[in-house]
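TrEMBL lists 36-57, 64-81, 87-111, 123-141, 147-169, 196-216, 222-242, 254-276, 282-305, 317-336, 348-371 with the feature transmembrane segment.
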Amino acid sequence: MSVAFVCFCAGGLYGWSALIAPLQQAFDVSTVQTGLVFSIAIVCFTLAVAVVPSIAAKTPPLRRLALFSWAGVVSLMLASVAPSYALFVVCFSAGFGTFSGAIYISAVAIAAQSRHPMRATPLMVAAFGIGGAVFGPAWRLMEEEAWGLIALWPLAVALCLGGVAVWFLPDRTPPDSKESQIGEGSRPVAIDVQGWVWLVFTLGSFGGLMVLGLAAKILDVAGASIARSSVALAGVALGNTLGRLSVIGLSHYLSPIAGLFISLGIGASGLLLTQLASAEGLLAAGLCLIAVGYGVMASAIPTLTRSLYGPSRFQQRFALIFTGWGLAGFCAPWVAGWSFDTTGSFELAVYLAIGATGVAFIGAIALHIRLAKTRGRPPQRA
């Protein structure tokens with residue numbers, strides 16, 4: 001529970017868009033600059049996910065998680081009092097973005113080595129998403145009370161307490177976890193499909209990361225009030241979380257690859273609704289659907305990765321696949337911000353997201369065909 005709470009706090013990064021207005025009030029920056037904050041955070045997040053498994057392998061997982069938590073606290077506190085936009089980017093994007101990623105991969109790895117990994121892994125991923133569901137709307141309401149960037153303090157306090165709780169947890173990782181069952185209907189694959197998984201994750205995440213990065217701005221442009229915007233942001237974050245949790249139920253009836261098709265279908269529906277919406281309610285519904293689709297993708301990919309490669313190679317493989325998410329996370333908010341500053345709307349960015357989702361769907365079909373050809377072949381060696 002304490003590990004999930006720390007992961008929940010790290011997920012506060014997903015509520016970032018609620019801080020756009022306070023940031024613009026503090027430093028008078030453009031929309032593309034606010035998008036760059038999330039883009040840089042995603043890049044740093046991704047680098048942490050890729051590097052942490054190799055450089056921190058000898059450190060006990062729970063101790064490592066606590067240290068990352070406290071480093072994140074320092075980053076948040078410094079960001080809240082940053083005297084300039086550049087220093088805010090250093091502290092929030094580079095600092096908290098990095099340690100949020102380190103917390104995420106450490107927590108997911110702990111879940112993957114647990115006794116019930118096929119349930120624990122998507123639950124841990126969902127805990128990360130719930131952080132955005134809580135802190136995003138909370139920051140939006142704090143904006144109305146003129147908290148400014150000091151609104152980061154409650155997250156810092158919660159993350160600090162979570163780190164303390166994790167530090168004193170006993171290590172209960174099953175001694176035979178590395179040799180535990182891989183999961184329902186799965187074993188290490190006979191041919192490597194990592195490139196296809198990476199492609200689907202990269203393009204399939206574009207729309208969701210665009211919404212998570214700039215949802216508040218999209219709603220502001222549509223004329224939504226702070227109250228309605230707060231409700232819509234809560235819906236976006238809740239949709240993201242429900243999408244992540246749904247993978248637990250789907251895993252009992254469908255293969256992980258099926259989750260990719262469901263994710264892309266829901267995301268495409270949300271993007272089309274967002275593009276065609278003529279009222280605030282329809283726009284909010286479209287954004288929520290995009291978030292649901294992204295949430296399914298965010299849980300389906302690590303579940304699929306573990307199913308394909310087993311627990312002993314999960315961290316290594318997932319860290320590489322996750323770089324696709326980082327690429328999408330850098331491009332999506334920046335492209336959306338550039339689209340608005342250039343054209344005065346997010347229409348071009350939505351069209352690009354629709355195109356990316358379509359290509360991801362084709363990639364998922366190719367991945368499914370490749371996996372079908374592996375049946376009956378001997379598995380890969382580690």
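Heads up, the Cβ atoms here are built off N, Cα and C, so glycines get one too.
Where the annotation comes from TrEMBL, it is an automatic prediction and has not been curated.
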Two-stretch contact, the transmembrane segment (348-371) and the transmembrane segment (254-276), at least three Cβ pairs under 8 Å: yes
Positions whose Cβ lies under 8 angstroms from the transmembrane segment (282-305), at least six residues beyond its ends: 108, 112, 118, 121-122, 125-126, 129, 183, 197, 200-201, 204-205, 207-209, 211-212, 215, 218-219, 222, 224, 228, 231-232, 235-248, 250-251, 256-257, 259-260, 262-276, 314, 317-318, 321, 325
Tertiary contacts of the transmembrane segment (123-141), as residues 6+ beyond its ends and Cβ separation under 8 Å: 3-5, 7-19, 22, 104, 107-108, 110-111, 147, 151, 154-155, 212, 216, 226, 229-231, 233-234, 236-238, 240-241, 243-245, 247-248, 295, 298-299, 302
Outside the transmembrane segment (196-216), six or more residues from its ends: residues with CB under 8 Å to it: 14, 16-18, 20-21, 31, 34-35, 38-39, 42, 132, 140, 229, 232-233, 236, 240, 260, 263-264, 267, 270-271, 287, 290-291, 293-295, 297-298, 301, 304-305, 308, 320-325, 327-329, 331-333, 335-337, 346, 349-350, 352-354, 356-357, 359-360, 363-364, 366-367, 370
Contact ranking winner - 64-81, 87-111, 222-242, 317-336 against the transmembrane segment (147-169), Cβ under 8 Å: 64-81
